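Everything below concerns the one structure shown next.
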Amino acid sequence: MSTVTSIIPENEEDIAVRHFREYLRINTAHPNPDYAGCIRFLFDLADGLNFERSVHECVPGKPFIIMTIRGRDESLPSLMLYSHTDVVPTPNKEFWKFDPFAGIKDTDGKIYGRGAQDMKCIGIQYVEAIRRLFKNSQSKENFLRTIHIVWGPDEEIGGEDGMEKFVESEVFKKLNVAFVLDEGLPTEEESFKMYYAERCPWWIVISCKGEAGHGSQLIENTASEKLGGVQMNVLPTEIKGSIFEYHQRTILRLSIILAYGINFSSS
């Protein structure tokens, strides 16, 4: 694993880049994310811009950090800028070019770290965009609506103790949110794609009945075979046809059957 760092001293970097790299160094990977470190870091950011800031826990140990910039008309519904603070684990660090929690920037200007895209870059962009507005004489009083920058936990493991509970809380309801910007895709270009309700869920339950299976043979008309047909019609894949058609052209090696999967070798 390389330890090459930027050729530019950190104290001479753009403040947005510096804060981004500092944020990446907070290890918020599951199963033990450093949420306390996040609170300290984000409160420092908020204090540096005179944002109101608070922390709320729907579940102990899983904090929501809220930064608030009051608008001129607080009776109007607010804008919420949301990002999550947790990141997925890094079980195979030896395959990383750099330490995933070192916030390394190489000599080409590329920044490496777990959460660099999903989604610590977005959270920092919210804060730094407002910093630039302030710097360009866009005072707080010029915002018509109140802006809430919200940082949440638990997203990478399903959100049951995170956003699912937060949206039912009185804290969220009092934010009076009209519009939310959430996770987006980073881009190296000057244009940005925007989505609405990209992952709006539509939950359905499909039940299939069929013959009981057995590990020693391929039994036809099983529930899993029927469900596979449903899946291939709803979510088209490169694999077409029945598993039995593949069996005509293959030899099944029973010694390497794995749970939830069947391994074939070419005949």
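Glycine too: its Cβ is placed from the backbone N, Cα and C atoms.
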Fill in the blank from the handout: For the Zn(2+) 1 site that TrEMBL gives as His84, Glu183, the extra residue out of Asp44, Asp47, Asp108, Asp118 is Asp118
Handout entry: recorded positions compared (Asp86, Asp118, Glu155, Glu156, Glu183) - highest count of Cβ atoms within 10 Å
Key = Asp86
Problem - Neighbours of Glu155 (active site, proton acceptor) among the recorded positions His84, Asp86, Glu183 (Cα to Cα, within 10 Å) - result: His84, Asp86
Handout entry: Cα distance (Å, whole number) from Glu156 (Zn(2+) 2 binding site) to Glu183 (Zn(2+) 1 binding site)
Key = 12
Exercise for the section: List the other residues in this chain whose Cβ sits within 8 Å of the Cβ centroid of the Zn(2+) 1 site residues His84, Asp118, Glu183, in sequence order. Expected result: Ser83, Met119, Ile122, Glu155, Glu156, Asp182
Handout entry: Cβ contacts of His84 (Zn(2+) 1 binding site) (under 8 Å, same chain, 6 or more positions away)
Key = Met119, Trp151, Gly152, Pro153, Asp154, Glu155, Glu156, Gly162, Glu183
